[in-house]
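S.K.: Here you go, one structure.
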Amino acid sequence: MNKTLTLVINCGSSSLKFALMPNESGEDPVLSGLAERLGDSDASITYKSSEGKKEESLNGGDHATALEALINHIDQKGLLASVTAVGHRVVHGGEEFHKSVLIDDKVIAAIERCSPLAPLHNPPNLLGIRVAREKLPALPQVAVFDTAFHQTMEPQAYLYALPMEYYREYGVRRYGFHGTSHRFVSDETRRMLALDPKDHGIVIAHLGNGASATAVKNGESVDTTMGLTPLEGLVMGTRSGDVDPGALVYLANRANMSINDLDNMLNRKSGLLGLSELSNDCRTLEEEAAKGHPGAKIALDVFAHRLARLIGGLAMSLDRLDAVTFTGGIGENSSLLRKMTIERLKPFGIVLDDAANEKCVRGTSGVISGATGPKALVVATNEELMIARDTLAIANASR
Ligand code: ADP
């Protein structure tokens with residue numbers, strides 16, 4: 001008898017990421033991969049397993065074609081009967097969802113109500129849910145929200161100082177994202193440091209192409225750097241993070257930029273790319289900065305300065321700072337940016353252990369600080385595992 005499995009699905013506008021996760025403690029997916037360019041003539045799906053990597057054309061297929069191909073592939077491997085539930089990543093749960101939920105028609109309607117808050121993300125997430133319910137009608141399906149972990153924030157942390165009517169009428173407030181990763185990594189940090197579940201304070205820095213940091217007090221998010229959208233806060237690959245809103249008004253008037261021009265500039269031309277005038281990729285910037293490229297150097301400096309500044313601000317929502325944990329592609333691999341950030345956290349008394357910092361790359365987790373002061377850690381995030389765990393628990397409770 002095969003081990004039972006949970007299928008994790010993450011649907012984007014033209015992509016579908018998937019992972020088939022064992023329900024037992026084994027953490028590595030049995031199968032994972034990505035369908036890309038869905039809807040285009042060169043749509044394809046790539047499967048990764050212990051047998052290697054395999055790419056197939058989807059002949060211009062859409063999300064439904066991709067999911068059908070995936071289900072057939074799972075069936076051919078003799079694994080379909082072992083799949084017990086499907087977990088879906090959903091980006092925006094607004095104020096409707098405080099935790100992961102079993103999907104029914106009411107849940108779908110509520111996710112639809114949140115779509116205006118994330119018009120590029122929620123509709124493809126819903127499409128994935130609809131197609132999966134149609135193709136796998138016998139299986140319980142669970143929605144896991146990027147925003148849900150941050151619903152514990154208090155009004156003082158989530159309100160903007162705008163006229164309250166915009167919160168009441170349009171839901172304009174801070175929601176925060178990357179919640180599944182922040183939840184996983186804060187649990188791991190607590191476990192690794194044997195912190196008291198009811199008395200701890202941690203700041204998590206999730207640094208990938210998108211980047212956000214969260215203050216976690218006694219297991220709950222109390223403040224985070226992203227806001228109504230994932231544009232607020234830290235410097236990201238191509239996103240600006242915090243900017244004086246007055247600068248946008250100024251540019252609209254002075255450079256005659258439209259709302260669309262500003263949106264495009266802030267989301268796609270800014271961040272590490274905009275500052276360096278070279279690349280949004282941290283690895284490239286590190287290589288070029290080492291050779292003396294001034295743009296690459298200033299981009300990394302602004303990234304580290306902003307990160308340290310916002311970590312400092314987040315810590316003010318805690319009773320005590322026990323640890324700062326780095327995760328995401330940059331957090332897990334860039335010993336340079338971790339060093340540059342920790343050096344800027346001097347007022348907290350964190351001391352970097354250089355040798356330990358150099359060792360924590362390519363998925364190796366560990367403590368990278370010395371014996372005194374708050375700890376600094378690297379933890380490899382695993383959002384698929386968190387989605388699978390929630391899905392399994394909710395599916396089991398529903399039977
Ligand atoms: P996403 O948010 O798309 O999931 P990732 O978490 O994969 O992104 O992070 C991508 C970022 O991680 C890129 O900027 C990449 O350059 C950076 N990165 C990956 N490996 C390294 C490395 N060895 N050194 C520095 N940066 C790295």
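Keep in mind that glycine also has a Cβ here, set from the backbone N, Cα and C atoms.
OK, TrEMBL features for this one:
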type     : residues                                                                                                      : note
BINDING  : Asn10, Glu383                                                                                                 : Mg(2+) binding site
BINDING  : Lys17, His206, Leu207, Gly208, Asn209, Gly210, Asp281, Cys282, Arg283, Gly329, Ile330, Gly331, Glu332, Asn333 : ATP binding site
BINDING  : Arg89                                                                                                         : substrate binding site
ACT_SITE : Asp146                                                                                                        : active site, proton donor/acceptor
SITE     : His178                                                                                                        : site 'Transition state stabilizer'
SITE     : Arg239                                                                                                        : site 'Transition state stabilizer'
S.K.: Running a distance check here. Ligand 1 versus the recorded positions Asn209, Arg239, Asp281, Arg283, Ile330: which have CB less than 6 Å from one of its atoms?
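M.R.: The qualifying recorded positions are Asn209, Asp281, Arg283, Ile330.
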S.K.: Do you see any of the recorded positions Arg89, His178, Asn209, Arg283, Ile330 whose C-alpha is within 10 Å of Glu383 (Mg(2+) binding site), and which ones?
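M.R.: Checking Cα-Cα distances against Glu383 (Mg(2+) binding site), the recorded positions within 10 Å turn out to be Arg89, His178.
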S.K.: Between all pairs in Lys17, His206, Leu207, Gly208, Asn209, Gly210, Asp281, Cys282, Arg283, Gly329, Ile330, Gly331, Glu332, Asn333 (listed as ATP binders), what's the biggest Cα distance, rounded to the nearest Å?
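M.R.: Value for the max Cα separation, rounded to a whole number: 24 Å.
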S.K.: Among the recorded positions Asn10, Asp146, Arg239, whose Cα is within 10 A of the Cα of Lys17 (ATP binding site)?
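M.R.: Checking each Cα against Lys17 (ATP binding site), the hits are Asn10.
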S.K.: To which of the binding-site residues Leu207, Ile330 does the lowest count of other Cβ atoms within 10 Å belong?
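M.R.: Among the binding-site residues Leu207, Ile330, the lowest count of other Cβ atoms within 10 Å belongs to Ile330.
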S.K.: In three-state terms from DSSP, label Asn209 (ATP binding site) for me.
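M.R.: SS state of Asn209 (ATP binding site) = coil.
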S.K.: What recorded positions among Asn10, Arg89, Asp146, Arg239, Asp281, Arg283 are found with a C-alpha within 10 angstroms of that of His178 (site 'Transition state stabilizer')?
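M.R.: Final answer, ordered: Asp146.
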S.K.: Please name the residue among the binding-site residues Asn10, Asn209 whose C-beta has the most neighbouring C-beta atoms within 10 angstroms.
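M.R.: That would be Asn10, with the most Cβ atoms nearby.
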